[in-house]
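What Swiss-Prot says about this protein:
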- 33-53: transmembrane segment (TRANSMEM)
- 77-98: transmembrane segment (TRANSMEM)
- His83, His182: heme b b562 binding site (BINDING)
- His97, His196: heme b b566 binding site (BINDING)
- 113-133: transmembrane segment (TRANSMEM)
- 178-198: transmembrane segment (TRANSMEM)
- His201: ubiquinone binding site (BINDING)
- 226-246: transmembrane segment (TRANSMEM)
- 288-308: transmembrane segment (TRANSMEM)
- 320-340: transmembrane segment (TRANSMEM)
- 347-367: transmembrane segment (TRANSMEM)
Amino acid sequence: MANLRKTHPLLKIANDALVDLPAPSNISIWWNFGSLLGLCLAIQLLTGLFLAMHYTADIATAFSSVAHICRDVNFGWLIRNMHANGASFFFICIYLHIGRGLYYGSYMFKETWNVGVVLLLLVMMTAFVGYVLPWGQMSFWGATVITNLLSAVPYVGNTLVQWIWGGFSVDNATLTRFFAFHFLLPFVIAAATLLHLLFLHETGSNNPVGLNPNADKIPFHPYFTYKDLLGFIVLFLALASLALFSPNYLGDPDNFTPANPLVTPPHIKPEWYFLFAYAILRSIPNKLGGVLALLASILILMLVPILHTSKHRSLTFRPFSQIIFWTLVADVAILTWIGGMPVEDPYIIIGQIASALYFLIFLVFFPLSGWLENKLLGLS
C-alpha cells in the first residue's frame, strides 16, 4: 500500500513542500529565514488572536484595555510583550531574508521575488495599523503624520485623507477601521505566503554559488527540517529573552501616555524597523517628493531583477559587487540612525547623502559593477 502522505490530496501538498522537497545540498544558514518568517507569522497570529479577545477598539477604552490585558488577564503581559517584540523579530527576519536574496541573486526568480515585495508592503502596512491600536501618544501622532502624507496626492489628496480618517481628524472611526485592517491583513499575508511558496517550488531553491543545483539535491526532511528547527529554537530564545527581560527596550516611552490631540510629542518617529524609510521621506524638503521617495525606497526592489547585468547570479565570485552590497547594508544602518534623530544640522545633510546613495546603489552602482566584472572576466 502506498504511503498515505504521498497519496492523500491534502497531505500530498504538505509532503511535496516539507518532506520530499528536493533541496540544494549546500544552502547555508541564510536560507533559514523563510521558515523563520513563517514561525514569526504563526506567533503573531496566535498572540494577536488572544489579544483581540480582550482589546476594545474604542478611543475611550483602548488604552486602558491594553493596561487591563497587562495587569489582569492571565499571562496577558507575556502575550502582549511577545506580540510587540514579535513584530521586531519579524522585521529582522524580513530584512535578513531580503539581504540574502540580494546577495545570492535569488531575485532572478521574478515571480517569487515580486510576491515577496508585495508581502513586505503588506507586513509594513499591518505593522503600521497595529502600532496605532494601543492609542498612546506615539500611536495617535504616528497615525496623524503618516496618514496626512496622502494629502500630497494631487487633486484627491485631502478627500482621500478624510476618507481614511472617517472624519476630519484621527478619531474613533480611524481606530476601529485600523483594528479591522490589523485583524484582516495577517490572513492576507498568510495567503500571499502560500503564493510565494507556490512560485518558489516551481523553480526550486537558489543556492550560495548561484549555479544549477539539480545534479546534487537532498530531501528537505530530515536535513533541513532539523536545520530549521535549530533556527526556531534560537529565534524563540531571543524573542522570549527580549519579551521577559526588557520588553520595552524597542518601544517609545511616549506610548505610555494616553493619546492627546492637544499635545504633540517632541519627536514623532515610527518604530525602529521603519526608520530607514522615514529618513528617506524626511530627506526630501517637499511633501509629494518625500512620499514618492518613501514608496520608491521599497518598490525599487522590483527593479533589481531588471537591472541585473552580470553573467554570474550570486555575489560569491564578484568582489566589486560585494563591496557595493556591504555599502548598501551600512547605508541602511545609517538611514536607520538618522530616522531616529531630530531634524537639525548635521543629521539633515547626512540623511540626504545616505538617501541619494541608497538609490544610486540600486540604479547605478550594481548594474555598473556587474557590467565591469563581465568585462574583467572576459564574459561579455
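In case you wondered, yes, glycine gets a Cβ from its N, Cα and C as well.
Here the structure is a predicted model, which means the values were calculated and not measured.
Annotated features, which come from Swiss-Prot, shown on the structure.
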residue: His83; record: heme b b562 binding site; contacts (Cβ under 8 Å, 6+ apart): Gln44, Thr47, Gly48, Leu51
residue: His97; record: heme b b566 binding site; contacts (Cβ under 8 Å, 6+ apart): Phe33, Gly34, Leu37, Gly116
residue: His182; record: heme b b562 binding site; contacts (Cβ under 8 Å, 6+ apart): Gly48, Thr126, Val129, Gly130, Leu133
residue: His196; record: heme b b566 binding site; contacts (Cβ under 8 Å, 6+ apart): Thr112, Val115, Gly116, Leu119
residue: His201; record: ubiquinone binding site; contacts (Cβ under 8 Å, 6+ apart): Asp16, Ala17, Leu21
Message: With Cβ-Cβ distances below 8 Å as the criterion, list the same-chain residues six or more beyond the ends of the transmembrane segment (320-340) that contact it, or say none.
response: 95, 99, 102-103, 269-270, 272, 274-280, 282-283, 310, 347, 350-351, 354-355, 357-358, 361-362, 365-366, 369-370, 372-373
Message: Using Cβ distances below 8 Å and needing 3 or more such pairs, separated by at least 6 in sequence, tell me whether the transmembrane segment (178-198) contacts the transmembrane segment (226-246).
response: no
